[in-house]
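Participant: The active site, charge relay system annotation in TrEMBL covers 118, 193, 217. What TrEMBL lists as domain 'Amidase' is 73-538.
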């Protein structure tokens, strides 16, 4: 007991030191901004912050706006949003040195643009904690490939942002840095796992950020905070140096992608990243530069759409967002074709849950060994360590109350390599069937719902099953983006009182509560394209955004 007490005391000391370092970083930001304002009292910070990324980049490129002015405008705003939402974990003080050494003669596409980076994406000399105490004081030896490319394109990474413990959550809370709040309503989650990015960009403290996505981790924060994000095909951008929550699993495809206020900013970021530097630094990435012709096309699109996946009942605002967007697209001359999803419950539990935790959750659980707390995963830990006969018995007993616990993925994991390979084959076949249905309807892109409005803080931990709308496209490995299209209304709130869900169980009732009282919060849609067609996905997103 004494040894255990001493060890825990040591871990709490590390947490305290990490929090103090976080606070020192914020104080350094404050000091730097104050010094800049004293030297340049006439600089109009508000006008700089009002520019879109393309406008900002153009002014920096033509010399009408000094990179120094832009940098300190965003450091000041980021500090404000960090104080309000607790979204920043670390200030990259070397960004000030990089700013001083920025060469006007070598202007990349993102020259002088401050960029925020998710905690799990490696920056040399800084921790990637994933919310785990054991990862404190373990600085990364080098920048991830994408951070290297950003720097070569002239961008200035200046802060790292908060994540949920382990990344396997769409909330944003961990023992080290605490809870991040939604900048639009502090009682709501900003989403996760790229929640710090969502909060910072949504609050205007960053103009461009990098996040990751294994089940919606770019899309939840974008939708909940009213911004845009692109989840590319799994290997379109380099993942080298991006730390994953479950290393080694191949059933569900993780990816890295950009987050910004608007679609044109995402496109500019993709142009910058899809360059020779990235292809040379990571030869596993296919050398496909940005296809300008596809992105700038104005040809009418043939668009599939659906309002529900028949697994997670959409909120009234979600359904309305799809219907209104469909109508606007039809009025603009595009063709909308109904698309019917089938067996989403089977895909969610067999392909995704069983696929991610095929080893019985061993790899995932190993991350938590020696940690001070396991967040809200107590039940998962207990289930993962239980024998299959007990899981089956529990699913039968709880059927009247928790219908979803009766699904196969909750009852058992795999015990042999043969079973895992069989699953991979099944996932492959499912992908081919989905594409065949897409091609049969002769579709270009797809419009579909995105979970929203933002849930109350703490509810994502109770509602992990609601990732069905996002995780489908990680399982299929399709590029998909999120665009905010409307705000939750009083009428949506009234309709929510009749929300039943598809199963009428505890999860459905809890989801109705999580959605409630969100009038005025953003609601988004997802825009999907076939694998490797990020430019077409962005083109569709731009169309939706414009309309």
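Every residue gets a Cβ built from N, Cα and C, even glycine.
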Participant: Can you tell me the mean pLDDT for the domain 'Amidase' (73-538)?
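Facilitator: Averaged over the domain 'Amidase' (73-538), the predicted model reaches a pLDDT of 93.
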Participant: If one measures from the C-alpha of residue 118 (active site, charge relay system) to the C-alpha of residue 217 (active site, charge relay system), what distance in angstrom results, rounded to a whole number?
Facilitator: 11
Participant: Give me the count of other Cβ atoms within 10 A of the Cβ belonging to residue 217 (active site, charge relay system).
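Facilitator: A 10 Å sphere around the Cβ of residue 217 (active site, charge relay system) contains 35 other Cβ atoms.
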Participant: In Å, rounded, how far does the Cα of residue 217 (active site, charge relay system) sit from the Cα of residue 193 (active site, charge relay system)?
Facilitator: 5
Participant: Could you check the active-site residues 118, 193 and say which one's CB has the most other CB atoms within 10 Å?
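Facilitator: For the active-site residues 118, 193, the Cβ with the most other Cβ atoms within 10 Å is 193.
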